[in-house]
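For reference, TrEMBL has these:
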- 33-290: domain 'G-protein coupled receptors family 1 profile' (DOMAIN)
- 22-42: transmembrane segment (TRANSMEM)
- 54-76: transmembrane segment (TRANSMEM)
- 96-115: transmembrane segment (TRANSMEM)
- 136-155: transmembrane segment (TRANSMEM)
- 184-206: transmembrane segment (TRANSMEM)
- 238-261: transmembrane segment (TRANSMEM)
- 273-293: transmembrane segment (TRANSMEM)
Amino acid sequence: MTKSWTVFINLSPVEIAIETCVYVLIGLTAVSGNLLVIISVYRNHSLRNTTNYLALSLAITDILSPLTILPLSVYWLIDIKTPHFTYGQAICDFQAIWFFSLVNASGYTITLMAYNRFVCVCKTDKYKQIFTKKKTINMIAGLWMLCFIIAILLVKGEMSYAKFNPAITMCTLSQKRKSDLNKIAGNTLLVLDIAVPYSFTAYCYGKILKKIHHHKRSVAQAPSNINTLGAKEIKITWTLFAVLLGYIALWSPVAVTAIILSHNKGLPHLISSIIPMAAAASSAINPVIYALMSPEFRKTYIKTLKCR
């Protein structure tokens, strides 16, 4: 029996209760908050634009995550009392596929948001040509299909499979066999899955920040000039940039913890549970960011909650 299994099956009732309550609280917050986002876009015609189609895609991702992933982890946390996963490979595959699909969907959507803002701010004349309603919906659909294909290949492929990890109370990937080929494939996937999209995101926001800085200087030097970059678009850009920062803030500890666990370093269960908790919290943070930074969303939230 591994150390992680020993720690897991010996969790006290108090530890289980606390962890369960945290999961349930985060899940309820994520579902209700993101439903509020969807309802707000539906009710307020001024929020129905291509940028907010991406926000809707992210909201759907953030609703599905607590509905498909958290309930299984909570059930296993409460129910497993022996060092064996007896619920079948199919249910483990199900959770792993949804987890990796939704994680990638969130990350890629944030990258697409960055590109949306880059075109809007830096390539203004091409924005309405690139981000039409139809093209944006097609981009989102293609993104979701790609994420599920990648997840299925990861979980059901020849190099890895889904396995319950008691350290994080989740089914995650485990290599079928240790080999140099597997390491190369894993590193390649890491580059394509993380390094490329986030490098592109950083590039987009770097160009955007430079453009906004240049715009402010131009306006300050010649206040009578026509404001070619609208204050509303700048505000939207800062809101989506805050979404990116929130995502990074919550997923950075996940990455660090995952790296430590991958090197077979023992961690207290409370620390290793950062992975599912932070992942779940990333689904709950965006509605709060919209409320704080977008007056349009904030007003619609209030009207919706007051049933007006």
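Each residue, glycine too, has its Cβ placed from N, Cα and C.
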Six or more residues out from either end of the transmembrane segment (22-42), which same-chain residues have a Cβ under 8 Å from its Cβ atoms?
48, 52, 55-56, 59-60, 62-63, 65-67, 70-71, 73-74, 77, 276-277, 280-281, 283-284, 286-288, 290, 297, 300-301, 304-305
Cβ under 8 Å to the transmembrane segment (238-261), counting only same-chain residues 6 or more beyond its ends: which ones?
51, 58, 106-107, 110, 113-114, 116-117, 165, 167-168, 201, 205, 208, 267, 271-272, 274-275, 278-279, 281-282, 285-286, 289-290, 292-294
Could you pull the average pLDDT for the domain 'G-protein coupled receptors family 1 profile' (33-290)?
87
